Amino acid sequence: MVDMTADTDQNDAGELRTADGQPLKSSLARAQRRARTRAAILVAPLLLFVLITFVVPIGQMLFRSIHNDGFTMHTSISDGVKTPIMVNLRDWFDDNPRGTEPDEAAYEALVMDLRLLRELRAPGQVGTRINYEHSGSRSLFTKTARRADRLEAPFKEAVLDVDEDWAEPELWSAMRTASNPYTLSFYLAAVDMTTTPEGDIVSVDENRQIYINLFIRTLWLSALITGLCFLLGFPVAHLLAILPMRTSNLLMILVLLPFWTSLLVRTTSWMVLLQSQGVVNDVMVAMGIIGDDGRIQMMYNQIGTIVAMTHILLPFMILPMYSVMRTIPPSYARAARSLGATSWTTFRRIYFPQTIPGIAAGSMLVFILAVGYYITPALVGGSDGQLISNLIAFHMQNSLNWSLAAALAALLLFGVLILYWLYDRLVGIDNMKLG
Amino acid sequence: MTVTPQDEAFVSFDRVQKSYDGETLVVKDLNLHIGKGEFLTMLGPSGSGKTTCLMMLAGFETATHGEITLDGRPINNIPPHKRGIGMVFQNYALFPHMSVAENLAFPLEVRGMGKTERDAAVARALDMVQMGEFGGRRPAQLSGGQQQRIALARALVFEPELVLMDEPLGALDKQLREHMQYEIKHLHERLGITVVYVTHDQSEALTMSDRVAVFDDGRIQQLATPQALYEEPENAFVAQFIGENNKLMAEVTAIDGDTVHVKFDDGETGTALAVANTGVGTRTLLSIRPERVTLNPTNGANAVAAEVLELIYHGDHIRCRMRVHGNDEFIVKVPNAGGQGPLEEGQKLTIGWATRDCRALDA
Ligand SMILES: Nc1ncnc2c1ncn2[C@@H]1O[C@H](COP(=O)(O)OP(=O)(O)OP(=O)(O)O)[C@@H](O)[C@H]1O
Ligand SMILES: [Mg+2]
């Protein structure tokens, strides 16, 4: 036994001390604190970066999907001063329950508010906000606000004189909804629902439903693309895993080659191949398989989206599967064979189950990428090959309804999280190997 | 069982050659006949072609030339799963996604055995390797030695007549290895199976086998019982590979029956046992086991002057490096008898050995 008391001293209380008489505990804590601080300083830049570029924007997006103050607050562009707007009308909404017929007082409040809007040059902003819920309202607001100063009591008649549409209960219902900046109406809109003037939540007309179908289509196409990637990628990954290192490295370059070309180039090359005047159709016509007037439409529809996205996402399926397959020693298959299993049984019972972590990781990766894919469907999808992300982009760029875009994106996010959770329950996250 | 007539052999390799790349032969002209119930070990340095031979027998490699027969039937064209050969792999190859019991049930399942029968057989096999309670565990939850036993049980559970083992104990520590050696030997005797065992641990080969085939460079250098292998190595490779060995170079001066008279390079003479066909005037390599050398011999058959260069204490014996006939690497094992006068470095003395312990091999 080596004598340890030289290093640590024990005082009367039984407390361990270091050689220079410090209590051992505090000395240890100090040493660990130093290490922790160093580690924290090292990761701080990344943490900050992730926080600023990832957590904050997502939080912003989630906030925007339930908050829109277009009807309640005006921010001056020149000096940033915030002015509450539509105050009178909001008071009237507070005093009268939903479904109340707008009376003279309501119209008076409206005219007062419109006068303020005119001063602030803000009728467009409020009109746009109401337009999200009730189309055609923007011009109504700008038009009426322009004449607001000249309107006199009785205000109801005067306003209705300007435009009959002010009498529509849907318009008043929309204004009531918008009078609270915190609202779930964007989520309702994102699942094709709306609030009736009586306050009931109902589905919108069958022919105006877009989002639910688009969500379903997005999920279905993503699942299909994932399935295709799996079917095409599995044999390739297997081949890569069993070939000698040199050959497989060469093949791996072919798998990775698409990563070295721009996404746009790859997508456009599919356009060149598949469009009705494209290479594939030309060859088939030349070979007499189809007639010149029977050219197959493979671009600007779902087929185009499926083909191009499968091709683009294939490497994301192959790589995780390959990395898992590579680690499966051939001795398992040999053992199974020596135990009397045919090659098919060996594959089914021994090889395949061990590749599941790779398949799961690849499928997860491809599916999540596909669900949020934007550029390829936008280019080759035509009208029925569009995915939900294309509509989100539309609301971001064209209709400028950011709250709806945020609600759609949030739904997508929740959907993926739910799938992730389901996956964890069914397969187990620790069963997934990403590399 | 030592020498099996060729036509009665259970497994036989007949002029088998194997090349992977078409340029070099990894197995060169292998002739090997293994009797039923025999425990045959393939022993040899790394890369000598042992695994290759085993793989050809199991059906994972095809022989480039020659024929392998199992129980009289040529097996070159029988796929591995129909050969009915049990196999234990060096890394055990237990299926990681199956429990121990499922691993054992697998060979029975693919043979279409019913569930109740299967469970009974699995339980029997687990008991056989004293792992009865471990059926529900995953292989990763077992220690190396336990995994090894399961691998053994799996190779035996479908009652094959031939079991191949490729360095099954390579990953175990010394104590466990010795224990498992005993268990494997015991199972072999109890079940009456034929075992082909690969190892590069010579003591393992010597303690377990009925016969040992010493491989080198794709050839069997000697095929004999462990005792014969140690006592009567037929060539320099075997003499050096099995056990420790002192080498002395000399020239044959006369041959008298099975005794050869030799002259060492320093001019002294001696006698040795003729093993290789050496003629008068040729050079020969004399091989003497370190434990067969006596200090201060009373009868002076091969008495020779020696000088102690180094003493290494080994507990039960002392290894003594000496200069003998100009060779500085001559090792003598001196038993630690306690009473014996201690040797000292630099001490000069006489040592000797019996003529039959000094084997004259090919130079
Ligand atoms: N699949 C293969 N392709 C090409 N050469 C191979 C292959 N397998 C083995 N070899 C070569 O054949 C020779 C014999 O290999 P083998 O595996 O039979 O040796 P071994 O005696 O089992 O050695 P060890 O004790 O190291 O396991 C070696 O030189 C090896 O490089
Ligand atoms: Mg080997």
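Backbone N, Cα and C atoms are what each Cβ position is placed from, and that goes for glycine too.
Just so you know, TrEMBL annotations never went through curation; they're auto-generated.
For A:1-25, the entry in TrEMBL reads region 'Disordered'.
The annotation transmembrane segment is assigned in TrEMBL to A:39-63 (among others).
According to TrEMBL, the domain 'ABC transmembrane type-1' annotation covers A:215-423.
Per TrEMBL, the feature transmembrane segment maps to A:219-243 (among others).
Sequence annotations record features per position, and here TrEMBL assigns transmembrane segment to A:250-273 (among others).
Taken from TrEMBL, the feature transmembrane segment applies to A:303-324 (among others).
Marked as transmembrane segment by TrEMBL: A:358-380 (among others).
Residues 58, 61-62, 64-68, 128, 132, 186-187, 189-191, 211, 215, 218-219, 360, 364, 367-368, 371-372, 388-389, 391-393, 429 of the same chain lie 6 or more positions beyond the ends of the transmembrane segment (A:400-423) yet place their CB under 8 Å from a CB of it. Annotation comment: TrEMBL describes A:400-423 (among others) as transmembrane segment.
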Original post:
In terms of Cβ proximity under 8 Å, which residues at least six beyond the ends of the transmembrane segment (A:250-273) contact it?
Top reply: 236, 239-240, 243, 279-280, 299, 304, 307-308, 311-312, 314-315, 318-319, 322, 375-376, 379-380
Original post:
Cβ under 8 Å to the transmembrane segment (A:219-243), counting only same-chain residues 6 or more beyond its ends: which ones?
Top reply: 251-252, 255, 302, 305-306, 309-310, 313-314, 316-318, 321-322, 325-326, 328, 330, 355, 358-359, 362-363, 366-367, 370-371, 385, 387, 415
**OP:** Quickly jot the same-chain residues contacting the transmembrane segment (A:39-63) by Cβ under 8 Å, restricted to those at least six beyond its ends, or write none.
**Re:** 406, 409-410, 413
